[in-house]
Amino acid sequence: MASLSVKPGQRFTMPDWQNNSLLISADAEQQRYNSHHIRQEGRALRNETGNQARWDEHNTRTRLNDRITSVDRWREALARCLTDIDLEIDALTKVKEAAENALQAKNLCLDVAIECLTFRESRRDIDVVRDPVEEELLREVKVIEKIKKELQQRVDEAFKQLCRLKEARQQLSCDHRHKVETLELDRQCVSFNVTSGNISFKVNPTRIPDGTTALREWELNSQCNKDRAEAEMKASVDLRGAITLSIAQTNNELDAQRIATEFALRKRIRDMEGALSELRWQEQNTLEEIAEMEEEIRQLEEDLRKRTLDLKVAHTRLETRTYRPHVELCRDQAQYGLTDEVQQLEGTIRALQQKRTESQDALDALYRQLHRIQTDIGYKTNSLQLDNKCMDTRRKLVIPVEKFEPEVDAVNRTRNLPRNSQLEL
């Protein structure tokens, strides 16, 4: 009879076996459910974090590109401003050199005027007089000294303005250089990606470095640099115009003074003829203006008469409309139009009356001026005749009276004199 080599273990009942199977199946299903839930959460987390990461990277890249555009726009503006300020520095330098050359040229004019005065100091006896020529020479010396002082002041102003321009250019150049460096760094940041070989973890990358400025402060700094440069350029342009004008004015003033020095006096009869011709021209123009003014007054009176009739018509219409019966007496558009017309016509009449008064005053002033001109013409004609008579009377000293028959035009001062006559003063 055979026997068991191993003692049998504990025996389970069938319900235990079935419960164990059911428990294993339930645990398996629960684990699969948990695993599936975790897989779904992981997938959702991966999608969310991946999308967030891509969006953040896209947003960062967009902001970097916007920043690059903003910095590049300021760089271009500063570059244009640098070009303009360089051109302005060159232009102001040339104008400053022109002012220095003009200042140097005035030394010769001053030496000539002083030498002329020195020569005239050698006059003797009664000839040592303070004549118009000496007065013009002394005035010329004063004019040249004043011109030199003004030109020296302009040169000093140009030098100071050049210093301010160069200082503003230095600030612009520094700002422009910093923006170029910033553009290189930001463009390098845009080029970084996950496959770049020079990316790595950094120690405390989110720290705020020392010297960090706010965006508004950054914009104000660039704007202030640009505004200052533009202000200095505007001041330089104004100064260049003032220097150029000063050079032209001083040259014209000196030329006029030299002409006045070289041609000190004209003969009195020639001046009198010129004055008389001018007075007759003024008389003719005044007579023409009087005729035009009288015609204008007539036109004003005619317009005033017409506007008065128009006002009477408007008044009559308004008065007639006051007799409309009962509810018909309303303030309609016609009523408003007539009221506005009356006010407009009254204002027009007042303006025409005022203008007629002003025109009449101007006409009276023209008549007074005409009387003054005609009186002055009579005075100057008499003076010219007296001067010509004096010249003719002086001929009696060398020409017999019976042969002296001058034909004198009191205005043009033309004479038919004997050819062999000689005047001695």
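Cβ coordinates are placed from backbone N, Cα and C, and glycine is handled just like the others.
Automatic, uncurated: that is what TrEMBL annotation is.
Features as listed in TrEMBL:
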COILED    134-161  coiled coil
COILED    276-310  coiled coil
COILED    342-369  coiled coil
Six or more residues beyond either end and a Cβ under 8 Å away: which residues meet both conditions relative to the coiled coil (134-161)?
92, 95-96, 99-100, 102-103, 106-107, 109-110, 113-114, 116-117, 120, 232, 235-236, 239, 242-243, 246-247, 250, 253-254, 257-258, 260-261, 264
Any residues 6+ beyond the ends of the coiled coil (276-310) with a Cβ under 8 Å from its own?
345, 348-349, 352-353, 355-356, 359-360, 362-363, 366-367, 369-370, 373-374, 376-377, 380-381, 384, 411
Mean of the pLDDT scores, which run from 0 to 100, over the coiled coil (276-310)
89
